[in-house]
Amino acid sequence: MNLTKVWNTTLGSLQVQLPRHEYNTWVRGANLLDIDNGVAIIRAPNAFIKEGLESRYLTTLREQLGSVVGFPVDVRIVLATSESERIDGASINGRHAARDTRKSDHHAPLSGGYGNGISHPLERASVHQLELHRAVRSSMLNPRYTFDRFIIGPSNRLANAACMAVAEHPAQAYNPLFLYGGVGLGKTHLLHAIGNFVLDRDPEVNVLYVSSETFTNDLINSIRRQQTEEFRIRYRNIDILLIDDIQFIAGKEQTQEEFFHTFNTLHSAGKQIIISSDRSPKAILTLEERLRSRFEWGLIVDVQMPDLETRTAILRAKAEQSPVPVPQPVIDFLAQRIQSHIRELEGCLNRVTAYAQMYNIPVTIEVATAALSELLDTNRRKRVTPEAILREVAAFYSVDLRSLQGRGRSRNIVTPRHVAMYLLREETDSSLMEIGQLLGGRDHTTVMYGCDKIAEEINTDARLRQEVAAIRERLMNSAV
């Protein structure tokens, strides 16, 4: 039985099931030691956590572990007894520290003395130090960020394929692999997915995920404390380096100097390097040319904004974890209206479900509109004009614009006209009377009827819902 996989799966379920503050306070620091004769041994990092798990979460742990392993288990909580156990127990994914060390070339200069060419051999480092560093490394990977949980679409298909290739064949496919794109598009998810994939296949591989800010802070602290050898142990005795937001080292000379030598050491030793940034290497101003050229040695892939189908798939996957049911019409509505990055998509869905829970009401399009009123008002004002709506509706349904605005009531014109009424009410500040004037001088009660009819039917008519979504997408893409 793979205890690492069992515990990671259990933690993933608990992270979805429990409120975030409860998960972080009580569960995150625990670690599965063994399952023997139907008893799961879970290690708590301190007595406070041990007591909390025993008094609050034994039943939940039994249920979740039993569900994962496929048979009933009892749970026993034990206390970590040493510093190394406490650090290991604090790891998010509960992976055990690797037992062997891998040697590589460690020749870069460091300050204190920085830049003096003096090398501090890693061979003098104690096994205990290496074990502690490995335990801390594993804590930096989020077990929920896996390839299985990554929603693939045209905007990120190449990036996903490149990351999978690197995970399956480290230092053979693309080295370095450089991912770039705007915030909230899944770059960090892919970095974690690589690390989790590699460690699931071989827990002995030394994987380190850090942000460039952490790298810089570690460097500064090591120089101040005269612990540059510790810094080398952390960053150069690894097999895979995953470094996030590399753009933040721009303009920091010492950090760039040290990362240059770290890069060279790892690359020359055949170790895999994966880097993310919010822009391409050429667009990172004040980045040293020697670093820029090294970033371009391997493969550079951009991650783009998700399209409508990908946004819908992301929201659908997120909705499956929601504490309240989220109907498909609401998912479609959010995917149409929130056309930014993935974090905002997920944040909006969380806000809608929280709003519904707070008022103890089901999730509907009306509830979503109320919960996101400020955001939707801001996003909507991409200056969609009434004239643009009428043109898009007429073009979509292949009807004459004059007929759409006229008094005729033929069957092929009634539905497009009602859709136009609905979109004019939803996407502009036009009053019902103004909408009526645009559509053949109709009164406000007729407009209200048409709007309400479409609002009701899109909840049950999938075809109509798709038609309205397509028109909205065209409007948003053409808005200035």
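Numbering starts at 1 and runs along the chain as it is shown here.
Quick reminder: no glycine exception, Cβ is built from N, Cα and C everywhere.
Copied over from Swiss-Prot, here are the features:
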- Gly184, Gly186, Lys187, Thr188: ATP binding site (BINDING)
- 97-108: compositional bias 'Basic and acidic residues' (COMPBIAS)
- 1-71: region 'Domain I, interacts with DnaA modulators' (REGION)
- 71-139: region 'Domain II' (REGION)
- 91-115: region 'Disordered' (REGION)
- 140-356: region 'Domain III, AAA+ region' (REGION)
- 357-480: region 'Domain IV, binds dsDNA' (REGION)
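Sequence features annotated in Swiss-Prot and their locations in the structure.
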| residue | record | contacts (Cβ under 8 Å, 6+ apart) |
| --- | --- | --- |
| Gly184 | ATP binding site | Ser340, His341, Ile342, Arg343, Glu344 |
| Gly186 | ATP binding site | Phe150, Asn156, Ala159, Val303, Ile342 |
| Lys187 | ATP binding site | Ala159, Leu179, Tyr180, Gly181, Asp244, Ser276, Val303 |
| Thr188 | ATP binding site | Tyr145, Asp244, Ser276 |
Key: ATP site shell beyond Gly184, Gly186, Lys187, Thr188, criterion: Cβ within 8 Å of Cβ centroid   = Gly181, Val183, Leu185, His189, Leu190, Ser276, Val303, His341, Ile342, Arg343
Note = Simplified DSSP label at Gly184 (ATP binding site) comes out coil
Inquiry  = Just to be sure I understand, if DSSP states are collapsed into helix, strand and coil, how many residues of the region 'Domain I, interacts with DnaA modulators' (1-71) fall in each?
reply    = 46 helix, 12 strand, 13 coil
Note = For the region 'Domain IV, binds dsDNA' (357-480), the DSSP helix/strand/coil residue counts are 89 helix, 0 strand, 35 coil
Model confidence over the region 'Domain III, AAA+ region' (140-356), averaged pLDDT = 89
